[in-house]
Amino acid sequence: MVPKLFTSQISLLLLLGLLAVDGSLHVKPPQFTWAQWFETQHINMTSQQCNNAMQVINNFQRRCKNQNTFLRTTFANVVNVCGNPNITCPSNRSRNNCHHSGVQVPLIHCNLTTPSPQNISNCRYAQTPANMFYIVACDNRDPRRDPPQYPVVPVHLDRII
């Protein structure tokens with residue numbers, strides 16, 4: 001059991017290490033602010049199964065996203081992380097708007113196993129649950145479209161550690 005657990009943890013870390021690479025390849029749909037898109041991609045897991053939850057994201061992007069991590073917490077809790085001290089963003093060393101969660105949260109990582117370019121509803125994902133820390137990038141809210149109760153909002157899931 002120990003070798004299997006160790007191997008699966010290593011595999012998860014390797015998959016999550018690619019998160020920053022995959023995240024840089026997409027563009028926010030125009031109907032969303034960056035905070036709304038963050039919430040859609042990383043908080044609002046519409047189903048307990050990756051195959052179904054990823055359909056929401058894939059429909060907006062019109063492609064099978066290679067991987068995605070859903071934090072099993074609330075948007076308000078992630079907003080609170082934005083109040084933690086600023087750190088350099090691991091995925092972009094020129095940015096200093098990242099914040100470490102300070103506590104581990106349950107999460108579900110979805111990794112594309114079966115792409116389906118012709119029919120994105122047929123994309124299939126492996127699902128890996130874990131409890132991990134996260135690093136999130138935060139920016140000032142969009143004053144026209146984000147709710148005023150959060151002046152600073154999460155805009156990018158930078159790293160899972």
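Using N, Cα and C of the backbone, Cβ positions are placed for all residues, glycine too.
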Check: From the list Cys98, Cys110, Cys123, which cysteine is recorded by Swiss-Prot as disulfide-linked to Cys50?
Finding: Cys110
Check: Cys64 has a disulfide partner in Swiss-Prot; which of Cys98, Cys123 is it?
Finding: Cys123
Note to self: According to Swiss-Prot, the disulfide involving Cys89 connects it to which residue among Cys98, Cys138?
What the structure shows: Cys98
Next item on the list: Fill in the CA-CA distance, Asn66 (substrate binding site) to His156 (active site, proton donor), as an integer in Å.
Entry: 16
Next item on the list: Go through the recorded positions His42, Lys65, Asn68, His156 and tell me which ones have a CA within 10 A of the CA of Cys50 (disulfide bond).
Entry: Asn68
Next item on the list: Name the one residue among Cys64, Gln67, Asn68, Cys123, His156 whose Cα is closest in three-dimensional space to that of Cys138 (disulfide bond); these are the recorded positions.
Entry: His156
Next item on the list: List nothing but the one residue from Lys65, His156 whose Cβ has the fewest other Cβ atoms within 10 Å; the candidates are the recorded positions.
Entry: Lys65
